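Visitor: Heads up, here are the entries from TrEMBL:
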{"type": "SIGNAL", "residues": "1-26", "note": "signal peptide"}
{"type": "DISULFID", "residues": "CYS239-CYS273", "note": "disulfide bond"}
{"type": "DOMAIN", "residues": "239-273", "note": "domain 'ShKT'"}
Amino acid sequence: MASTSIWSRLLSISMFLIFQAWMSYSQRGCQDGFVQSNSKCYKLFKSDGQSTWETAKAVCEANRLTMAMPADEESVTLRKDLFDVYGDWSSAWLSARGDGAQYVTEPDGRYISNTSPLWWPSSPVSSYLVSNTNCLALMLVQFALLQQPNQPYGSWICGFKAGYPLCIDPTSVGTAVGGSWGRWGAWGPCSHSCNSGFRLRTRICEQPKTGLGGSSCSGPENQVDDCNSQTCPINGPGCIDNDDSCQGWADRGECQKNPKFMLPKCPASCNQCVLPPVSSTGVTIQEPENGMMPQLSTVTP
């Protein structure tokens, strides 16, 4: 029985720590619905029709975001991260360059820019200049340029299927921040009311919170401590429920929710009784003091 109790206790601690670790992980990084790439938080808004540069910008601002301005060296990683989340419809997107230029990245990572030659992945020649800025007024295009039918090779018109704004969370842009632990929280309830239990407390990496690829807090997030090491009450004439409603209360979980009331009043229903031999002198239970567990005393007949 003792071995089973120990293993049950260790399993409970392990499951709690795993849950806490998952909760902690889920709270780090970007908000739900965003893609984390290059330590920044991006969101791609799918639209039903074409988006101009102005309408795309308005979508970002309406969501308290700004139009993305990824650096050239970030685009390859960003493209992969967007595709992992959004799939096919993130195959190409148009954003704002840091220098104010507008460009669209093709599926192979090359740029169509209003300040540089056109790079067209399906063409053996990649030096067409783009003069129609409407092509560049989209945040995302599935086809930036279409070859005009019955025209010499290299004659292109502006054509596209849809435009999707690519926005960035402005709070995710800045210098990497190393995390630091906040204060320990209060101890949680003890897992057992007697015969040794455990309790836990947690601290959060938020003083400040790790951000933008900075180092995380070192050391444990949780602490475990022993509690309620006193022996449970012994069974005898006094270890009985003192109210007909005890079993119903216990079934509703009141033993755990309100132990100061339940343990003295309903020891049997709250599983506070063990079954050693009863002394021939008889056993009774004292009234609880200060809400503590009831103690035993021997009474001479």
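Even glycines carry a Cβ here, placed using N, Cα and C.
Would you situate these features in the structure and describe their surroundings?
Guide: Taken residue by residue with DSSP, CYS273 (disulfide bond) is part of neither helix nor strand, so it is coil.
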Visitor: Rank the disulfide-bonded residues CYS239, CYS273 by how many other Cβ atoms lie within 10 Å of each Cβ and give me the one with the fewest.
Guide: CYS273
Visitor: Could you tell me which three-state DSSP class CYS239 (disulfide bond) falls into?
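Guide: Reduced to three states, the DSSP call for CYS239 (disulfide bond) is coil.
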